[in-house]
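Right, one structure below, let's go through it.
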Ligand SMILES: O=C(O)C1=C[C@@H](OP(=O)(O)O)[C@@H](O)[C@H](O)C1
Ligand SMILES: C=C(OP(=O)(O)O)C(=O)O
């Protein structure tokens, strides 16, 4: 297990109106993929706008350990010299994935079809997360995987060359599992098929095509079917990473709940497989408008203008969940200030993220004085009709960046400050979070 950093508590108190323009950092999912695919191309790729958070840096370190050359330039772009599909080298040490599920699951897929063995370790949160969802299909492809009890980290993957091409129907809506299989398929002769009954974020498909992979997506009986021809040759690319909608979510919710707020978040990725939060908030009455719509790095992007709004409670349809899966902690905060009841269901997946996000958010919001009932697969939240929460609580974030940022936002409209027990995990996805928040609180 990787070493734990000392906790870094912080207090977030009642705020005046938030105003100004900010730009969110690069998308975490796309940044991981930009590093991985560039590291598999032959030649030099350039990446602008890469998220320089701990999770992405863990991916970069692992790809370096397997032979890629990855360097940050003085102007902030990253240059990656790839090894070519099939060219990964045996890492000398265990790959430390820190807190990052995406790094772990995608790289397990990559190793599974190379002639190398890699051991994956991580922090206490990652070591509690289920890996059977990738172990099972990668084993069918021929990888030899030895995991800790319950299919957890630490685990080792011994790849097989040539691996056996697989046609696999995802039993759980997971872009990480889908992407792990596509990465394994890159060095596998023949055709790898992944069948997705419920669509999940499609960054891997888009970017693999951009790198020249032979990949097609069709629909069969209402499911998405992704077909990838193996033994791919990836061409180096110039990539611009769009802003992360999952990071923008904290500022969207903050502007909606703090009276008088008027905020623009620039360059937010609005890929339909990621934009569920905005659709649901608008259905609740949120004043969010998009301007300057454009494409960045093959992804739709816009500047979002958000004004404080009176929100109305809603029943969130479960089928929207995959398109806002990481935004639920922030969404629960928005719901806590709505008028009426918000009900969510079908969110079992939230129990296996960096923390059990249903239990952790229910406990945090209840401690702050919100009316929250936890069910097996969701939360039922009675809103304050725009009134502040009592606050005055210390929140346990359980090594989960999104809990820390969500409850920091809740503190901005609470009578007594909310103390976050540890802001350190925020560095995994959004190191600039507190600085950007402060810039909106002080600007006039
Ligand atoms: O593929 C990705 O980049 C991600 C997929 C999602 O996980 P699951 O695949 O487990 O749903 C999401 O929660 C995670 O933050 C990033
Ligand atoms: C679930 C998340 O990330 P990961 O699975 O990569 O740890 C997240 O960022 O909310």
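Cβ atoms are placed via backbone N, Cα and C, with glycine included.
With 28, 29, 33, 174, 176, 326 listed by TrEMBL as binding 3-phosphoshikimate, the candidate from 282, 353 annotated for that site turns out to be 353. Sequence-distant neighbours of residue 176 (3-phosphoshikimate binding site): residues of the same chain at least 6 apart with a C-beta under 8 Å from its C-beta are 101, 102, 105, 106, 133, 134. Checking the binding-site residues 28, 29, 129, 326 for a CB within less than 6 Å of any atom of ligand 1 leaves 29, 326, listed in sequence order. Comparing C-alpha positions, residue 357 (phosphoenolpyruvate binding site) sits nearest to 326 among the binding-site residues 28, 29, 33, 174, 326. DSSP gives residue 326 (3-phosphoshikimate binding site) a helix state. Restricting the binding-site residues 28, 29, 33, 174 to those with a CA within 10 Å of the CA of residue 402 (phosphoenolpyruvate binding site) leaves an empty set. Cβ neighbours within 10 Å of residue 29 (3-phosphoshikimate binding site), excluding its own Cβ and spanning all shown chains: 29.
In the vicinity of ligand 2, defined as a Cβ distance under 6 Å, the following of the binding-site residues 33, 129, 174, 402 are placed: 402.
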